[in-house]
Amino acid sequence: MDIGSFIAKYYIDPIIYNEGYNVVNTLTYAIILAISLFAILKLMALLRLKIDERLIMAVAPFIILGASLRNLEDVHLLSPPLSYMFITPLVYVLAFLITLAVLLICVYLERAGRVGDYSKPLFWTGVAGVIVVWGTLLLTQPIRVWWAPIVVFALAFTFTGVVYLIARYLKLGFLTMPLNVAILGAHMFDASSTFTAIDIVTGFAEKHVVPVFFIDIFGSAFVMYALKLAVFIPVIYLIEKYFIEDKDLYYVLKFVLLVLGFGPGIRNTLELVFIHG
């Protein structure tokens, strides 16, 4: 296999034909994500911006926006080649560029004295973007499984609450910190959306390599709850133990965990609402 065929098979075709992930592109995207983290840290330092919970809150709507943009392609509102930019992982690049552009504008406005706090227009611009995308979906698409979000939220809230109560009982303080609870909630939300799509609504399939492996073994997407907890509880612990001194990296890692949970969870839930027929 020559290099062109290799790239087409493992990178281009999965995007063009919406084939999902394979081991090769999964590892590649993981490496790109790691490199991107350090690029973000350098950029924030260049902009002299402090990475903290305020910044995470300000860009939180852009997580929802990025996930929702993916659904514009899911419902075929876009045509190639434009539609390719709305397929994972390229949609994450698009969402990042949108977020960065708005962030730079808002920081400029603050430093020019036009606004008092850049985080407020940043937050509300993200909210406006979500309203536009969701409004487009509501106006152009029939609602299919209207009750899916209720089930997903109920399951996510229940599992997150159980983990939180157990953590309080066992005095596991790192699992009761608000941002860490949000991270666990994000991944319980993702697990709930997958379980609802595959086991309750049916007709859907997982596309990520590792979840597919475990779902095939256990025969149910319910295993996603155990898988998520087994992975992300230790990850959160390690972040609290080893990265607490470097606040910028500390919060960037937590933001990435939020994106990895809420991103696919929101996309899956909207897909249930607008696509399944």
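Including glycine, each Cβ sits where the backbone N, Cα and C put it.
All annotation found in TrEMBL is predicted automatically rather than curated by experts.
According to TrEMBL, the protein carries these features:
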- 27-47: transmembrane segment (TRANSMEM)
- 54-72: transmembrane segment (TRANSMEM)
- 84-109: transmembrane segment (TRANSMEM)
- 121-140: transmembrane segment (TRANSMEM)
- 146-167: transmembrane segment (TRANSMEM)
- 179-205: transmembrane segment (TRANSMEM)
- 217-239: transmembrane segment (TRANSMEM)
- 251-270: transmembrane segment (TRANSMEM)
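Packing against the transmembrane segment (179-205) from elsewhere in the chain are residues 53, 56, 145, 148, 151-153, 155-157, 159-160, 163-164, 211, 215, 220-222, 224-225, 227-229, 232-233, 236, 240, 254, 257-258, 260-262, 264-266, 268-269, 271-272, 276: each is 6 or more residues past its ends and has a CB under 8 Å from a CB in it. Between the transmembrane segment (121-140) and the stretches 27-47, 54-72, 84-109, 146-167, it is 54-72 that has the most C-beta pairs under 8 angstroms.
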